[in-house]
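Data block below; observations after.
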Amino acid sequence: MKNFKHQTHQKEKNVIVTIKRLGINGEGIGYYKKKIIFIPGALPGEVVVVKIVKDYPHYLQGELVRIKEKSPDRVKFPKDVNPEIGGLELAHLAYDKQLEFKKDNVVEALKKYHPRGYAKYKIKNTIPAPDQWHYRNKAQYQIERERGKTKLGLFAPNSHRLIDLPTMPTQNKDTQKTERAIKDLIDKFHVFIADPRKHLDGIKTIAVRQSEATGEIQVTLITVGHKIKNLIPLAKEIMKLPNVVSVYQNETDWNNPQVWGNKTEKLLGKNQITEEILDKKFALSPRAFFQLNPVQTTTLYSEALKLLDLTPDQTLIDAYSGVGTLGILAADRVKQVVGIETIPEAVRDAKHNVELNHIKNADYFQGSVEKVLPQLQKGGLTVDALIVDPPRTGLAKSLIKTLLQVKPKTFVYISCNPSTLAQDLVLLSEAYDVRVIENVDMLPQTPRCECIVKLTLRN
Ligand SMILES: C[S@@+](CC[C@H](N)C(=O)[O-])C[C@H]1O[C@@H](n2cnc3c(N)ncnc32)[C@H](O)[C@@H]1O
């Protein structure tokens, strides 16, 4: 029966659908024969001709063929870029509507999981990014050689089909130029490119990150295998490219599903590049997390610190601390800062950044927040104020349990995923009220947003 149904929709191929709303990934959502259909690139209010490409038990996946009735909010998609590429999911939507969508995403996530009192939360309008194009400070492109031709870019969503990216309109121009220049050098020096079909070692990914403040560029060649012929001559040529101050090698293997492997080694140049936020400096190693939109990062952190509203007698926990950004920015407002972060290189950077900024009251610990925080607390640490900035997966349940016992009085949560945020708030709202959620647009043209939530302890 299932196969039969599958064939029915496949045969129908092109159908007409009216788009009702946008989904969390920015795709248009409509209904065909009462079944929900997702159509990337379609906008609410549009009537579109769609090809049904997949018939799943609970939904259909459609491909936009033609727009019959166009939305007034539609804008031109950037030229010379394959629209399938990730990172431009909303590039066809007017920017003010993108901001509204990001706010709605938070509202919808709250409605879905309904933490206590959610209807009364004040969700502010999304703070726009001053630059909506060329803002990304880091490019991380995959490289492949197919029938003698080298491709450098990103995989099409949910596939292993690499799309070559000669231009990328959200990428800053220096990092994009550096990526393309490295591609040419790899061809010139006949450096091996990893071949996933034959499992041959070589370069797999090229990560290029630039500091907004100093212009310095750090390059990491992620390789499958360690000894790659001509890697050092290649690194020497890369060092001659404008602004490049270091070349690293990160080594991975075919069994690792992550992009980065665990071994990182400097081939040439400086250990770190230095970024600046507000009046503080931050040295960054290749593996350490740093926000992708440096201009908007200042806004995000300033808003978070305003909401934290710290006092000089407090101990602040900077949980998921990366290179120590938030804690270091807050250090002169509190008695003590304690940061916790899993990636050892990031913790080393954080400790270095404490010294770089002549801070005397901050220390950073390596490990998971869920394990290290209870240990430190048992050792006598008081937790007056807390800022959490977890990855998209949100907070570990065991950490939430700890927080509900410790009950820090001052608590701010920065989230890059409204869905896990709403689920965490269901548990946290047992003890905390949420008054305000701020939304900052860090990644224009994408469906992603960054929320800052102030949690107030109920009496
Ligand atoms: C969204 S980043 C935030 C970093 C930093 N607050 C900033 O703004 O630059 C999340 C960080 O949490 C770290 N991380 C992930 N899981 C963790 C865990 N369970 N405990 C501690 N740190 C974790 C990641 O390595 C990453 O540096």
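For all residues, glycine too, the Cβ spot is worked out from N, Cα and C.
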Same S-adenosyl-L-methionine site per TrEMBL - residue from Asp253, Asp384, Asp389 joining Gln291, Tyr320, Glu341: Asp389
Among the S-adenosyl-L-methionine-binding set Gln291, Tyr320, Glu341, Asp389, as the record gives it, the longest Cα-Cα distance in Å: 15
Listed in sequence order, residues not in Gln291, Tyr320, Glu341, Asp389 with Cβ within 8 Å of the centre of the S-adenosyl-L-methionine site Cβ atoms: Phe289, Ser321, Gly322, Thr325, Leu326, Pro390, Ile414
Listed in sequence order, residues with CB under 8 A of Cys416 (active site, nucleophile) and six or more positions away: Pro391, Arg392, Met442, Arg448, Cys449, Glu450, Cys451
Packing count at Glu341 (S-adenosyl-L-methionine binding site) (other Cβ atoms within 10 Å of its Cβ): 26
Averaged pLDDT score, the domain 'TRAM' (7-66): 90
Counts of helix, strand and coil residues, the domain 'TRAM' (7-66), according to DSSP: 6 helix, 33 strand, 21 coil
